[in-house]
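Worksheet: one structure, shown below.
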Amino acid sequence: MFITSPLEQFELNNYFGFYLFNYHFDFSNFGFYLGLSALIAISLAIINLTPYGSGAKIVPQKFGIAMEAIYFTMLNLVENQIHSSKTVSGQSYFPFIWSLFVLILFSNFLGLIPYGYATTAQLIFTLGLSISILIGATILGLQQHKAKFFGLFLPSGTPTPLIPLLVLIEFVSYIARGLSLGIRLGANIIAGHLTMSILGGLIFTFMGLNLITFIIGFLPITVLVAISLLEFGIAFIQAYVFAILTCGFINDSLNLH
């Protein structure tokens with residue numbers, strides 16, 4: 001099984017389909033990998049909530065240290081980025097931010113497995129996430145502040161003649177922030193996968209020319225390996241950036257700044 005085109009890795013392929021109540025449902029590679037990422041996130045949440053048994057070790061091992069690192073990283077992020085309002089505690093959004101981070105993180109990681117599928121490379125998915133967060137943050141702001149929420153679109157001290165123009169600019173900026181949240185994630189994942197796919201294809205073709213090029217080809221392979229390791233770092237960074245910008249949306253809705 002070989003990928004003949006760099007874009008082939010982003011194609012949707014149906015594994016099977018079935019009818020239910022006169023509706024046809026398809027189970028695709030996107031659904032499989034998204035479900036697998038969600039299953040990992042749910043499993044990690046259950047593990048974190050499970051009390052230590054009699055056989056548990058007081059000093060955590062590598063897995064426990066990794067789970068604690070993710071937990072405290074997200075907890076510190078929420079505490080620093082989401083400031084509590086008069087009626088809502090910022091820490092109440094920690095489960096949502098943790099779940100969002102873990103889901104995106106393992107979606108990115110699963111996409112780096114050879115012949116895997118990167119669900120976060122589908123802009124319809126990342127845009128769906130970002131638009132949902134934008135709508136949710138807007139509803140939260142309206143629920144907390146009622147009409148005062150629209151003051152978010154009017155900077156203080158604005159001259160009266162400039163109010164319509166600045167309100168329009170702030171509104172467009174508000175929408176653009178929500179859209180850029182998903183576009184940034186999808187574009188970075190797509191760019192990384194295309195880079196590895198194209199370089200890998202060029203190296204494979206170059207090494208297949210003759211014995212000399214086959215030997216020389218091991219040098220660019222080290223570059224490809226380095227880029228692959230870099231992609232794991234980018235996968236983590238993009239999940240973290242998505243989480244921190246989501247915290248910014250929630251904080252703006254709670255505190256109007």
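Counting starts with 1 at the first residue shown.
Placed from the backbone N, Cα and C atoms, the Cβ positions cover glycine too.
Where the annotation comes from TrEMBL, it is an automatic prediction and has not been curated.
It should be emphasised that the depicted structure is a prediction, and the values quoted were computed from it without experimental measurement.
Taken straight from TrEMBL:
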type	residues	note
TRANSMEM	30-49	transmembrane segment
TRANSMEM	93-117	transmembrane segment
TRANSMEM	123-142	transmembrane segment
TRANSMEM	149-175	transmembrane segment
TRANSMEM	181-204	transmembrane segment
TRANSMEM	211-230	transmembrane segment
TRANSMEM	236-254	transmembrane segment
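The transmembrane segment (149-175) and the transmembrane segment (123-142) are in contact, since at least 3 Cβ pairs between them lie under 8 Å (pairs 6 or more apart in sequence). If you count C-beta pairs under 8 angstroms between the transmembrane segment (181-204) and each of 30-49, 123-142, 211-230, 236-254, the highest count goes to 123-142. The recorded stretches the transmembrane segment (236-254) and the transmembrane segment (123-142) share 3+ CB pairs below 8 A when only pairs 6 or more apart in sequence are counted, and are therefore in contact.
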